[in-house]
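Structure first, commentary second.
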Amino acid sequence: MTDIVVAIDGPAGTGKSSVSRGLARELGARYLDTGAMYRMMTLAVLRAGIDPADAAAIGESVWKVQMLSDHDRYFLGGEDVSSEIRTEEVTQAVSAVSAIPAVRVRLVDLQRQMAEGRGSVVVEGRDIGTVVLPDAPVKIFLTASPETRARRRNDQNVASGSADDYDRVLAEVRRRDHLDSTRAVSPLYVAQDAMIVDTSKMAEAEVIAHLMDLVKQRSGAVW
C-alpha cells in the first residue's frame, strides 16, 4: 500500500476526532490529533499560572514545554494528561492560547515533524490542509450546523457525568467558531482543494465509509 497523508479540518463538534480515529484504523495509518497538542500547551500555561491572554509571557515559555503523543495518549513533561486536557477549564482557554503566534509556530513545527516521512497518517485539526500540511494529497473539511454540534457536545458531557446546558454549549460553540475564524494567525477556513463533508445527518460509521471512498478517489490507492 502506498503511504498516504490525509488532512482533516473543521470546527469543534463535527466529529473530527472519532471519525479521524476510525479512518486511520481503516487505512492502517497513524492518527495525530493536533487539537490535543494545543490543549497540552494550554494546560501547561494554566499550570504555570500564566494568563491565557498574556502573549509575551506565553511566548517566552512555549519552547520549554515538552509534549508527546503516543497512541492517543498525551504526555506533558512525561505525565499522562489525556484526561486533564479535556476539562472545561482547558476548553475555555484553548482558543486564546492557540491564537498566540509563538504557540502556533512551535506546534506547527512539531506537527510537521510528527506527520511527515513516517508512513501513512491521518492528521486532524483546524489548519492542517491550509498551514500545517498544505501539500497533503487528501484534504477533507468536516462541517455541521452549530445546533448539531452543540447537541453532540452536550450529549457527550451528560454521558460523561458532567451535567450541562444546551444553550450554554451552543453559545460556547458559536464563540469558538468566531475566535477560530477571525484570529490573525492561521484562521479556520476551507482549503481551496479540500473536499467538504457535512456530517449533520450522518452517523459516524457513514462518515468513515464516505471518507474512505474520498481517499480512494483522491489518492488512487487501493485498500
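The backbone N, Cα and C atoms fix where each Cβ goes, and this holds for glycine too.
According to Swiss-Prot, the feature ATP binding site maps to Gly10, Pro11, Ala12, Gly13, Thr14, Gly15, Lys16, Ser17, Ser18.
On its own chain, Gly10 (ATP binding site) has Lys16, Arg126, Phe141, Leu142, Thr143 as residues at least 6 apart in sequence with a Cβ closer than 8 Å to its own Cβ. Annotation for Thr14 (ATP binding site): same-chain Cβ neighbours under 8 Å, separated by at least 6 residues, are Leu142, Thr143, Ala144, Arg149, Thr199. Excluding Gly10, Pro11, Ala12, Gly13, Thr14, Gly15, Lys16, Ser17, Ser18 themselves, the residues of that chain whose CB lies within 8 A of the CB mean position for the ATP site are, in sequence, Val19, Leu142, Ala144, Arg149, Thr199. Here the binding-site residues are Ala12, Lys16, Ser18, and the one whose Cβ sees the fewest other Cβ atoms within 10 Å is Ser18.
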